[in-house]
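*Asks:* The structure's right below; bear with me while I get my questions together.
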Amino acid sequence: MESPYPKSPEKITGTVLLGKYELGRRLGSGSFAKVHVARSISTGELVAIKIIDKQKTIDSGMEPRIIREIEAMRRLHNHPNVLKIHEVMATKSKIYLVVEYAAGGELFTKLIRFGRLNESAARRYFQQLASALSFCHRDGIAHRDVKPQNLLLDKQGNLKVSDFGLSALPEHRSNNGLLHTACGTPAYTAPEVIAQRGYDGAKADAWSCGVFLFVLLAGYVPFDDANIVAMYRKIHKRDYRFPSWISKPARSIIYKLLDPNPETRMSIEAVMGTVWFQKSLEISEFQSSVFELDRFLEKEAKSSNAITAFDLISLSSGLDLSGLFERRKRKEKRFTARVSAERVVEKAGMIGEKLGFRVEKKEETKVVGLGKGRTAVVVEVVEFAEGLVVADVKVVVEGEEEEEEVESHWSELIVELEEIVLSWHN
């Protein structure tokens, strides 16, 4: 069977890793890891593989950072603007993190080449970053190191948030819900983080987004000084100036994001509601379905698959952890109906209650979620024309004996929905 992935000009050396990937050129390296492009032997797909020296991570105390990165990416891997994690493998001396290959490289490189971006291009990247971070925050994850060097581009030029090594997961918060670890890159770091007091990770990320948008439009960071103490003073005093070419709406957003007081600082969700942000917005209404599904499933069927330090750091033999990402069985179908979107949502909720599911409705986006045990169903409705709607139905079961359960729940849904369905598709 011919591979669905087109042949790439990437040079692959022929070195085979654990019988699964052919290694190619080195993309980058650090003190304890190096990254190579590689090709999957089974599919032909290009991926990036981060090869981590286990002993060096132990010696430098970096293993918690690796665990955070893997666990955050695992939880967020369905958002189109978060770099996807495919699998984790390990040997006695190495950890192999296999992720999506971002052929466009770092956004930082593009900024160096062009100096600054026009407002339309800057807005597109900012929209994608805000969408990804909003998704992270709804799952209780703060990135804490947002900067162009950690934002990659795929071959279509879409932004991919990467490097979750400094991220904070929900379980890292103290009893008052705040974070206390000072981290990040100084020029992008919020003043409350610098002050080393408890802080809200989402608000700290919002500050970094303000710096990011300024950098895209101006071509330089708003707070810059060779003396780090002087730079921190500027950050606390909001001491910066806008170049003349930045528009008033963009200035307003940046100013509100760069509010030294986190209590009054604009949130990322508030930014997403502004006219400036929504101009030329390319995100499809259908895109949210996968995000809603995974968030709903995470709440309904808490998985015990969290990757532990023992799993990765203390391994004494080869191990393929790809199963962590293959435990869910999905089935989906689309139908049209000559009723209102509200009627479809109402009907789906009634079906859920009848079949013994817990029902959650997200009215503003016409999404209804049904949960029972380790099964989640999501129905998302979009009005296609007056009196005609299109609905996506997804059933997911997480666990070992999932095939029969998926078919069982699927059959029940089909029968109950027939009353309103005009026609089924795919």
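Any Cβ shown, glycine's included, is placed from N, Cα and C.
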*Asks:* Give the range, chosen from 300-329, 330-359, that Swiss-Prot lists as region 'PPI'.
*Replies:* 330-359
*Asks:* Can you check which of 133-162, 163-192 Swiss-Prot lists as region 'Activation loop'?
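*Replies:* The range carrying the region 'Activation loop' annotation in Swiss-Prot is 163-192.
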*Asks:* In whole Å, could you give the widest CA to CA gap in the ATP site formed by LEU27, GLY28, SER29, GLY30, SER31, PHE32, ALA33, LYS34, VAL35, LYS50?
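*Replies:* Taking every pair of listed residues, the largest Cα separation comes to 14 Å.
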*Asks:* May I ask for the distance between VAL35 (ATP binding site) and SER167 (phosphoserine), taken between their Cα atoms and rounded to an integer number of Å?
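*Replies:* Here the two Cα atoms lie 20 Å apart.
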*Asks:* If you take the centroid of the Cβ atoms of LEU27, GLY28, SER29, GLY30, SER31, PHE32, ALA33, LYS34, VAL35, LYS50, the listed ATP site, which other residues of that chain have their Cβ within 8 Å of it?
*Replies:* ILE51, ILE52
